[in-house]
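J.: My structure is below; once you've seen it, I'll send some questions.
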Amino acid sequence: MPELKKEDSSKDEKDLDMNCPPLHRPNGADLNQYSKSLMEQLQAQLFANPALQFPSFPPAFSIAALTNNQHELKEDDGKKTPTGDNILEAASVLDNRENGSPSDGTNSPDDNGKRKQRRYRTTFSAFQLDELEKVFARTHYPDVFTREELATRVQLTEARVQVWFQNRRAKYRKQERSSTHHPYQAPMSIPNSNGDNPYQMMLSQEAIFAAINQQAAAHLLNEQVRIATSDRRSQSPSVPVTTSSPILPTSVTPTFQNADALNMLFGGITPVTQQLLYVQQFSRAMDAFRTQLLGSVPAGATAEVTDVVALKTEDSKSNSRAGSSSPTPTESSGAAATSTSPTNFADMNSLISDVKPKEESS
């Protein structure tokens, strides 16, 4: 029994340490009532002890809870916004980087004490850019050996050279796309051929007019030859004309060695039609001039000249069909006329006999 008393005393001490009143079971009491009374005692002990009380939480959607959350968010934003001291510290860090940092990066300690590698912009000199551009003009994708050789020549690392070539290729592709696929392309500029020599147009026009004058002079000379031959035939009707003058076409087309000069002469607008109009006008003028010259010649002489021209055209057609390589059809026809007909020799003798008395009388 005394041992039991000791145990009860130890229990009482524990209850005192827990700041709880001792629990006693009444003798002969019901278990249900005992459990109810025990729960009531425990609840009374919990509410009586302030250390064991639970904190009171406001409802989730109450006005006070919402206002408290907004105040907390504003305080967090105020902590995140940089102050003047933080800006000054960042500026000093940037100055230190610019003054004491090499071009290709250094290892700077992080906040946690770790070494972190940082890269900085490389400033290239004019000599380095010149050498890099020369190699880029030769090849856009240099191999490792070329990059190493170039790096040693321009005093850079091979990694810097490789990065420069990557950026340069990207810039080249961007320029190529902008120049080829631009929605508003500039109109193609017409090259000015007179930029180097301002007198080129004047010289070309002078050449054109000289060619026209040359053709007109040749035409007039041929007309004079025909008139002279017709006069001689009128004096001696039995002697055929054996001159080998070329047959003139009905329309004279001047030849131009430089087509660009002709285009410049007519302003560059539809040069073909302008040239045709000019040729037609020129041929009409020459035809009118020919008719005026032939109008002053007697009718018999013009008929004989037309007969000779018809004979020449027939001889030329026959020679072209036979495929003969005679120099000119007029010369062959003239030679045949003088060699075959016996009357020609008699006419020549009569002409010579007529000329000798005239020379003796003179």
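The backbone N, Cα and C atoms fix where each Cβ goes, glycine too.
Pulled from Swiss-Prot, these are the listed features:
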| type | residues | note |
| --- | --- | --- |
| COMPBIAS | 1-17 | compositional bias 'Basic and acidic residues' |
| REGION | 1-34 | region 'Disordered' |
| REGION | 92-118 | region 'Disordered' |
| COMPBIAS | 99-110 | compositional bias 'Polar residues' |
| DNA_BIND | 117-176 | DNA-binding region |
| REGION | 174-193 | region 'Disordered' |
| REGION | 313-362 | region 'Disordered' |
| COMPBIAS | 322-343 | compositional bias 'Low complexity' |
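Looking at the shown structure, what environment does each listed feature sit in?
T.: On the 0 to 100 pLDDT scale, the model's mean across the DNA-binding region (117-176) is 92.
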J.: Sort the residues of the DNA-binding region (117-176) into helix, strand and coil with DSSP and give the three counts.
T.: 43 helix, 2 strand, 15 coil
